[in-house]
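Asker: Below: one structure in structure tokens.
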Amino acid sequence: ALRLAGGRSRCEGRVEMKQGGSWGTVCDDAWDMADADVVCRQLGCGRAIRVHAGAAFGRGDGPILRDEVGCQGHEEHLWECPAMTEHDCSHKEDAGVVCSEHQEWRLSGGRDGCAGRVEVFFRGTWSTVCDSTWYDTEGRVLCRTLGCGEPLRKLFFHHTLPGRMVYECESLQPSLAHCRWAYNKSAPCHQSRAVGVVCNG
């Protein structure tokens, strides 16, 4: 089994694999985009957009299972790639990755990080979010995800970034990525404004 840990979504984080019943990490020696591409594809997270060394997502625990990983980039599973199982690493060298299907959010243009226009980082670029399906539940999910409490009110802005995202949450989810969403689909965003929110935090 394979997973990413310590990130803001299941498509970002420290690379961890399970071997012999316990989870362990991968050393960052020779860790590169070809290795990361295999991880992202295996997890259904698209392609790699950034690789991280030096335990950027925190230090893991358990055994260090791979060192000097040398994927070509076309392998289906990380464990098919040539690698050393003996290592001279510590957990401060744990490898990480950010995949293209990772989503992160920010509120921009407000007085602090808890108010402003909703912007989402997805597939390597920042986009705005359409107001057409944005109601109380979407606002509550976002404010909580950002550690900003509960939404006080909805704001409206212009779309000035290249991409458009639309979210539809039927219940309180851990993040907007767990709701229904669509990227750059024209219909739900037609004549929409870019949504903003003020959270009480």
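Glycine is no exception: its Cβ is also placed from the backbone N, Cα and C atoms.
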Asker: Name the cysteine that pairs with Cys169 in a disulphide bond per TrEMBL, restricting the answer to Cys179, Cys189.
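Answerer: Answer per TrEMBL: Cys179.
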Asker: Including all protein chains shown, what's the count of other C-beta atoms within 10 A of the C-beta of Cys179 (disulfide bond)?
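Answerer: Total other Cβ atoms inside 10 Å, all chains included: 20.
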Asker: Quick one: pull the CA-CA distance for Cys71 (disulfide bond) versus Cys179 (disulfide bond), whole Å only.
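Answerer: One finds 33 Å between the Cα atoms of these residues.
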Asker: Please count the residues of the domain 'SRCR' (2-100) that DSSP assigns to helix (H, G, I), strand (E, B) and coil.
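Answerer: Across the domain 'SRCR' (2-100), DSSP assigns the residues as follows: 16 helix, 34 strand, 49 coil.
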Asker: Check the disulfide-bonded residues Cys71, Cys81 for other C-beta atoms within 10 angstroms of each C-beta and report the one with the most.
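Answerer: When each Cβ's neighbours within 10 Å are tallied, Cys71 tops the list.
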